[in-house]
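Novice: Pasting a structure below so you can have a look.
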Amino acid sequence: MGTLATFLVACLFLSIYIPSNYGFSVGRSRRDADGTIEGLPSSWLTKRVRRDEDHSHVDHHGSHKLEDYFKNHLSWLTDTQKDELKTLKAEGKSRKELQDKVFEYYEGTTGETKEKATELLRGGCKELLTTVIGPEKTAQLKQLKESGTAKEEIEKKVKEFIGEVTDPHKKQIAEEYEAPCKRVYGVGSRKKREHKVEEAKLEEALKTHLSWLTDDQKAEVKTLTSEGKSFEDVQKKVFEYYGALSGEAKDKATQLLQEGCRSLIKELVGEEKANELKKLRESGASKAELKNKIVALMDELTDPEKKEKAVKFAGGCQKVFEVDSARVKREHKVEEAKLEEALKTHLSWLTDDQKAEVKTLTSEGKSFEDVQKKVFEYYGALSGEAKDKATQLLQEGCRSLIKELVGEEKANELKTLRESGASKADLKNKIVALMDELTDPEKKEKAVKFAGGCQKVFEIESARMKRDTKIDDAKFEEALTTHLSWLTDDQKEQLKTLKSEGKSFEDVQKKVFEFYGALSGDSKTKATELLQEGCRSVIKDLVGEEKANELKKLRESGASKTELKEKIVKLMDELTDPEKKEKALKFAGGCQKVFEIESRKKRDVDADKLQQALNTHLSWLTDEQKSTLKTLQSEGKSFTDLNDKVFEWYGQLSGEAQQKAKELLQGGCRALIKELAGDEKAEELKKLRESGASKEEIKNKVVSFLDALTDEDKKKKALKYAPACQKIFDLDSARVKRDEGQGKLEEAFKTHLSWLTEDQKQELRSLKNEGKEFSDMQTKVFGWYEALSGEEKEKATELLKGGCRHLMTEILGEEKAGELKKLKESGTSKDDLKTKVSEFINALTDEEKKAKAKQYAGACEKIFGVSSRKKRDDHDHHGHDHHIDHEKRHAKLEEYFKTHLSWLTDAQKQTLKDLCMQDKTDQELQAKVFEFYEALTDALTDEDKKKKALKYAPACQKIFDLDA
C-alpha cells in the first residue's frame with residue numbers, strides 16, 4: 001500500500017503542479033484496438049494489460065504493436081533507436097531492460113526534442129492515474145489543489161483513495177509503472193523548480209557579480225528572464241552593458257564577473273580542484289596552461305547537470321578573463337618597475353650578474369615562481385655574514401609587504417607579538433588570521449604569491465635562532481649563583497640535565513617557572529626579587545645604564561603597567577644590534593611574567609594604602625569620589641592618574657571646604673616626612689618653616705633629608721609623593737605670594753620706582769588689585785619711562801639699574817653676581833656678559849627664581865641698553881671732532897686726579913693721560929687704575945694709607961662701572 005500510495009501521490013502532484021502551458025492535463029484513458037491503454041509507452045508494455053469486463057484475462061503478447069507506439073508516445077526516438085529497441089524485444093529482453101534503454105535515449109535528448117518526449121511520455125502516466133483511481137476521484141484531487149489545499153491534506157486524500165482500490169490488476173499496474181512515471185514527472189518538476197532557482201540565483205547575482213549594473217539594466221535583465229528568454233539572450237544583454245563600460249567602472253565589473261566565474265568553478269569541481277586552478281593562476285601560468293587545466297577539470301565532470309552548466313557559462317567566463325588578460329599585460333610593465341625597486345632594497349645583496357639574470361627571466365615572461373626560485377638558489381649558496389645580511393634584507397622586504405597588505409596598525413600588532421617571544425606557531429596563526437581578513441582580491445593574491453618565500457626566509461632565521469639558543473655554559477652557571485640561586489640543589493641539577501640534553505632556552509625557562517610557580521610566602525618573595533634583579537641586569541646590558549635609570553625612575557614614580565610596557569617597547573625598538581634585539585625577545589616573556597606577579601601583589605598592598613588614605617588625609621572626598629578612586633586603582637591606573645584626579649576635585653573646592661582639604665593634605669605630607677626622615681628631622685623642618693624661612697630654604701632642607709635616605713623603599717616612596725606634596729604647599733604659597741606682592745610693590749615705590757609720580761604709583765596699585773599680569777604693569781612703567789627726558793630720565797635710569805643689580809644678586813647669589821661684575825670691569829664684551837648671565841640663569845634649580853629671572857630679563861636688558869646706546873650715540877655724535885673729545889675726557893680725568901684718584905703717582909697719572917689720548921676705552925683705563933691699585937695695596941706699610949685706599953675702592957669701582 002505504501003509504495004502504491006507514494007507512486008500515485010507523485011503522479012498526482014507532478015501532474016497538477018505542472019504549468020498549463022506545457023499542455024499536460026488529466027484525461028480519460030482510451031484503449032487501442034487491441035485493448036492496450038493509449039498513452040503508455042510501448043517499450044514499457046512487454047506484457048499488455050487488458051481489462052475485460054470480468055477482469056479475467058491478461059495478455060502477455062502484443063509486441064507486434066510496437067510499431068504503433070513508435071508513431072505516438074515514442075515518436076521522438078530516432079530510427080536507429082527504434083531499430084535497437086526492436087532488436088532487444090526480439091532477443092527477449094525484460095521489460096525493465098527495455099525501460100532503461102528508453103530512458104537512456106531520453107536522458108540524451110535536449111531542447112525541443114526533450115520537451116516533446118516529456119510531453120508524450122507523460123500522456124501515458126496521466127491516463128494511468130485516472131485508470132487506477134477513476135476520473136471522478138482524480139477530478140476531486142484536482143479541485144482540492146486548485147482551491148489551495150495544503151500538500152499534506154491532498155496526500156492524505158490520495159492515500160484514502162488508494163486504500164479504497166480493490167482491483168488487483170489496477171494495483172499491479174500502479175506497482176509496475178511507479179518508477180518510470182515518477183522518473184518522467186521528476187524531469188518536469190525539476191524544470192519548474194529550476195526555474196524558481198534560476199530566478200533566485202538571478203536576484204543573488206544582481207547583488208554580487210552583477211551588482212555593477214545600473215538599476216535600469218537590472219530591471220531589463222529581470223524582464224528578459226520573466227519573459228522566458230534563453231540564458232544566451234540574457235547573457236548577451238549583460239555583455240552588451242559590460243562592453244559599454246570603461247576605466248574604473250569596467251575594472252570593477254571585470255573583477256566582479258571574475259569572482260562569479262571562480263565561484264561557479266568551485267561549485268562545479270569542488271574547493272580542492274578550484275584551489276589547484278587558483279594556485280596555477282597565481283604561479284604566473286600562461287593563458288594556454290590555464291585554459292587546458294580548466295578543460296581537463298570540465299572533462300572530469302560526470303554529473304550531466306554540472307556538465308550542462310559548465311558549457312552554459314564557458315563562453316562568458318572566457319570572455320571576461322580575456323579582457324583581464326589585456327590588463328595583466330599592462331601590469332607587466334609595473335612588475336618590471338617593482339623588480340628594479342626590489343633590486344635596490346631587499347634584493348640588493350645579489351651580485352650584478354645575478355641581478356641581470358633575474359631581469360632577463362622577467363623580460364622573458366617567466367613566472368613569479370621561476371624568478372623566486374632563482375633568487376633562493378642564489379640565497380642558498382651564501383654563507384656567513386653575507387647570508388645574514390641577505391636574510392635581514394629579505395625579512396625587511398616581507399615586513400614591508402605585510403604592512404602594505406594589512407596596514408601599519410595590524411603590522412605593529414604582529415611585531416609586538418613577535419617581540420613578546422611568541423612561538424613560531426602563534427606567529428604563523430596570527431599572519432594567517434590577518435590574511436583571512438583581507439577583502440581586496442589583489443591584496444589576497446599578492447599575499448598568496450609571496451607567502452612561500454617569506455615563510456622560507458623566516459624558517460631559515462628560525463633554524464639559526466634555534467641553534468643559537470643553546471645556553472652558554474658560563475652564563476648558566478652564573479645565573480644559578482645569582483638570580484636563580486633560590487632553586488634547590490635538586491632543581492639546579494634538573495636544569496643542568498635539560499641543558500646537557502640540548503634543550504632550548506624556552507624549555508629551560510619553562511622548567512624554571514614551573515619550580516617558581518610551586519613556591520609561596522617568603523620563598524616566593526625572595527625568588528621574585530632575584531628574578532627581577534636578573535631582568536633589570538638584562539635591561540641595563542641591552543640599553544645601557546642611563547636608559548635603564550630612566551626606566552627605573554619611571555617605575556618609582558608610580559607609572560602604570562601600560563606606561564612601563566610602552567617605555568620598554570620603545571627602548572627595545574631603539575636597539576640596532578641584532579644580537580641585542582634577539583636577546584631582548586628571548587627574555588621578554590619571562591621578565592614580563594615576573595613583574596606581572598609582583599604587580600598583582602603590589603595592587604593588593606596599594607588597595608589597603610588607598611583605603612587608609614581615604615580614612616585620613618583624603619577624608620574630605622565625597623563617597624562617590626572615593627568610589628571612583630577605588631575603581632581607577634582596580635583598573636590598574638597609575639598613582640599619577642589617581643593623584644591628578646584628587647587635585648582635579650581639590651581645584652573645584654572653595655572657601656572653608658578647600659581650606660579643610662588643604663590642611664588634611666598638608667597633614668598627610670608632614671606625616672610622610674616624619675615617616676621617612678624621622679621625628680627629629682621632621683621637627684627641625686617644622687622650626688625652620690615657623691622661623692619664616694623662604695620656600696627655597698625649606699625645599700633645600702627637605703631635599704637634603706631625602707638625599708640622606710639609604711633605605712631604597714623609603715627613597716622610592718619619597719620620589720613618588722614629592723610632586724603631590726610640593727603641589728599642595730605651592731598652592732598655599734601662591735596665596736602668601738599674592739599678599740606679599742602688594743608689599744613688594746610699595747617697597748619698589750620707595751626704591752627703584754621712586755621716580756614715578758603719585759598718580760602713576762596709584763595707577764600701578766589699581767592694576768595690581770585688578771589682578772593684571774606683571775607684563776602689563778611692566779609695559780605701563782616703560783611707557784612712563786620713555787616719556788622722560790634730561791636729568792629725570794638719567795635719574796630713573798640709575799634707579800632702575802640699581803633695581804636690576806639688586807635683583808641679580810637676589811636671584812644668582814652674591815658670588816655669581818660678583819663674578820659678573822668682575823667680568824664687566826675687566827672689559828668683557830656685552831655679548832659675552834649676556835651669554836654668561838644666561839648660563840647662570842639656566843643653571844638655576846629653583847624654578848621660581850628661574851621664572852623671576854626670565855620675567856625681568858627683557859626689562860633689565862632694555863634699561864642697560866639705554867645707557868649703552870647713549871654712550872654710542874655720544875661717541876658717534878662727537879666722533880668727527882677727536883680734539884674736542886680728548887679735551888673732555890682729559891678734563892674729566894684731571895678732575896678725578898684731584899678727588900678719588902689723588903693717591904696715584906705723577907707717573908701713573910701721566911700713563912692714564914697717554915691712554916686717554918690713544919683713544920683707549922673706559923674699560924682699559926679702569927683696568928689700568930686697578931692695576932695701580934693692586935700694586936699700592938700690596939706695597940703699603942702705613943696702615944692709615946692702606947685703610948684710606950680700601951675705603952675709596954668701592955667708590956672707584958662704582959665710578960668706572962660702565963653698565964654696558
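Cβ coordinates are placed from backbone N, Cα and C, and glycine is handled just like the others.
Automatic, uncurated: that is what TrEMBL annotation is.
Here TrEMBL flags 64-185, 201-321, 338-458, 475-595, 609-729, 744-864, 892-947 as domain 'Polyprotein allergen nematode'. Among the features that TrEMBL reports, signal peptide is placed at 1-23.
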Novice: Take the domain 'Polyprotein allergen nematode' (609-729) and count its residues per DSSP category (helix H/G/I, strand E/B, coil), listing them in that order.
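Specialist: Reading the DSSP string over the domain 'Polyprotein allergen nematode' (609-729) gives 98 helix, 0 strand, 23 coil.
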Novice: Across the whole of the domain 'Polyprotein allergen nematode' (201-321), what does the mean pLDDT come to? Round it, please.
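Specialist: Per the prediction, mean pLDDT sits at 85 for the domain 'Polyprotein allergen nematode' (201-321).
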Novice: Tell me the residue counts in helix, strand and coil for the domain 'Polyprotein allergen nematode' (744-864), as DSSP assigns them.
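Specialist: Helix, strand, coil within the domain 'Polyprotein allergen nematode' (744-864): 98 helix, 0 strand, 23 coil.
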Novice: For the domain 'Polyprotein allergen nematode' (338-458), jot down how many residues DSSP puts in helix, in strand and in coil.
Specialist: 98 helix, 0 strand, 23 coil
Novice: Which residue counts does DSSP give the domain 'Polyprotein allergen nematode' (475-595) for helix, strand and coil?
Specialist: 98 helix, 0 strand, 23 coil
